[in-house]
Amino acid sequence: MITIKIGGSIVDSLHPSAIPDIKKAAAGGVVLVHGGGKEVTKVCEQLGKEPRFVTSPGNIKSRYTDKETAEIFTMVMSGRINKCIVRMLQQHGVNAVGLSGIDGGLIRAERKSRLVIVNERGRKQAIEGGYTGRITSVNSELLETLLGKGIVPVVSPIAMGNEYELLNVDGDRAAANIAGATKSERILFVTDVDGLMMDEKLVSRLSAAEAEEIRPKIGPGMEKKVLAATEALKMGVREAIIARGSRENPVSAAIAHENCTVIGDG
């Protein structure tokens, strides 16, 4: 059993062998979670909605999501991107079903009442939390029902709040929670780089403790993946892998630990 997170920006640059490779992995059970932040930003701009990003004191950059942005986020992620991926899988004979975290109460989250950010002056500032959520539960029974019928769930990271509102949750961390809930053996983050780079060199392996230690020294995009990786390990996932999606057979190569970053104590 493997949970695969694919960054929305690399869907179009996946190697032609990627989908057939996912089909092979599906025999053992696959849940696919996708991102799509760049596409959301593009559509926001097309609709005249200026995207806003904030940075936490821990140097994590994220989208500030007001109600209108949450609606655009849902439209793009659960519509355009999700269905594009499902179509690609179906085209290669994979019985895939597209879901958002709203469907079947798949991902529940608690709406953040406030966010602490670092403002333009470099000072901490508390702002209204908007429509951003902290994941509280995953409906693993729904996923297991689909997996038991040989179906590949394709999940967009939109969560349902306590008041049934749409909430934006981080895709990497949503994948980590899904991996933990489904007792996945591993989680794979498919990206546009070979893995974690330090001093221009690929880090091939890290223990969970080493990953926690170096996380503050990593750039914002990769830092989120390392954070999600360590969270997945704490939830019982055996290993987390960060690998490039544009290489041949990216899933099989990552599982074989070829030219990627593996995080875990195994």
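Using the three backbone atoms N, Cα and C, a Cβ is placed for every residue, glycine included.
Swiss-Prot names Gly36, Gly37, Arg63 as substrate ligands; from the candidate set Asn168, Asn177, Asn249, the record adds Asn168 to that same site.
Largest Cα-to-Cα span within the substrate-binding set Gly36, Gly37, Arg63, Asn168: 12 Å. Proximity of Lys225 (site 'Transition state stabilizer') to non-local residues of its own chain (separation of 6 or more, Cβ distance below 8 Å) is seen for Asp172, Phe189, Thr191, Ile242, given in sequence order.
Rounded to the nearest whole angstrom, the C-alpha distance between Arg63 (substrate binding site) and Lys5 (site 'Transition state stabilizer') is 19. A Cβ within 8 Å of the Cβ centre of Gly36, Gly37, Arg63, Asn168, the residues given for substrate, is found for these other residues of the same chain: Gly35, Val40, Thr41, Thr65, Phe73, Met77, Pro157, Gly171. Non-local contacts of Asn168 (substrate binding site) by the CB criterion (under 8 A, 6+ apart in sequence, same chain) comprise Arg63, Thr65, Thr69, Ala70, Phe73, Tyr131, Thr132, Gly133, Pro157, Ile158, Ala159.
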